[in-house]
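Here is the structure we will look at, set down as structure tokens.
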Amino acid sequence: MATNSEFLIPARADLAAAREEWLKSLKTMRRLSDNTLIAYERDTRQFLQFLTGHLGEPPSLKEIGNLRIADLRSFLANRRNDGAGARTLGRGLAGVRSLLRHLEKRGLVNAAGASAMRAPRQPKSLPKPLTADDARRVVSADGQMAEEPWIAARNAAVLTLLYGCGLRISEALGLSGDALSDPSARSMTITGKGSKTRLVPLLPAVHKAVAQYRALCPFDLSAGQLLFRGAKGGPLHAAIIQREMQKLRAGLGLPDSATPHALRHSFATHLLGRGGDLRTIQELLGHASLSTTQVYTGVDTQRLLEVYDKTHPRA
């Protein structure tokens, strides 16, 4: 049965029905989230509204089959004039391309050229590092907001791994139950993106935070289990740590930029500020390319001036 959205969009009956079928397939076959489905419905509706004005009449499957890349560029330019940013434009184009590919697979149109158009580049937004003092306050066990002592210790241990070892949150939450069980270990092997392994040094503060958590955790932390657990013993999810970080921001008066990932960024930035070289930091972060590390660390002006004063022949 057709939904109301079919009658609200400016399109001929054949295109409206095909679009409705596409939306249903996204929900049943691809199992996209409700938010993504809502965004795709809205973005394609805006696209069809644009085409109605662009062509002078509501489009049908025939007009969709005659689309050119220039038409999509005009749509993006129109959205940009309305104030849409690069991220919104990219998402909107993704929805339109998904619809076009669906119509092609169904043999309804041939829009290979238009569906191959690339999304506009999105500017990279980097997390802002915390100051060293703020980072220490965030990872302090005494400063955690959780009422349960073992959960407070758990949160402190996770955050300490992000700041003290530069781990991604997924890497910290994926540690096995026997990780860091040897207090004399000076390093551990981490498997990161692309199944690449790297060696990460272990500071005494990291050992201490994990040991305090182990002593209080009521669940089995043997080798076959995960190290970090949720309140009922299941896997600890990143959203929980992000929520705890939100509480810490409010309690400590930190800006919204103080996120779990910002702790990893702070790890790199503070190492660089104390004289660490980019190649070593690249290895510690697990970046495949040095250029990623150069962008990620965001060398501050003071550090650049110090290097300039020490190394430039005319300084």
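Cβ coordinates come from backbone N, Cα and C, glycine included.
The active site annotation in Swiss-Prot covers Arg168, Lys193, His261, Arg264, His287. The annotation active site, O-(3'-phospho-DNA)-tyrosine intermediate is assigned in Swiss-Prot to Tyr296. Marked as domain 'Core-binding (CB)' by Swiss-Prot: 13-104. The domain 'Tyr recombinase' feature in Swiss-Prot is assigned to 125-309.
What Swiss-Prot annotates, mapped onto the structure for a quick look.
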| residue | record | DSSP (3 states) |
| --- | --- | --- |
| Arg168 | active site | coil |
| Lys193 | active site | helix |
| His261 | active site | helix |
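Sequence-distant neighbours of Arg264 (active site): residues of the same chain at least 6 apart with a C-beta under 8 Å from its C-beta are Leu162, Tyr163, Gly166, Leu167, Arg168, Ile169, Leu285.
All protein chains shown were included, and the count of other CB atoms within 10 Å of the CB of Lys193 (active site) stands at 11. The most crowded of the active-site residues listed here (Arg168, His261) is Arg168, judged by how many other CB atoms sit within 10 Å of its own CB. Across the structure, His261 (active site) and Lys193 (active site) place their CA atoms 15 angstrom apart. The residues of the domain 'Core-binding (CB)' (13-104), classed with DSSP into helix (H, G, I), strand (E, B) and coil, number 75 helix, 0 strand, 17 coil. A mean pLDDT of 85 is what the model gives for the domain 'Tyr recombinase' (125-309).
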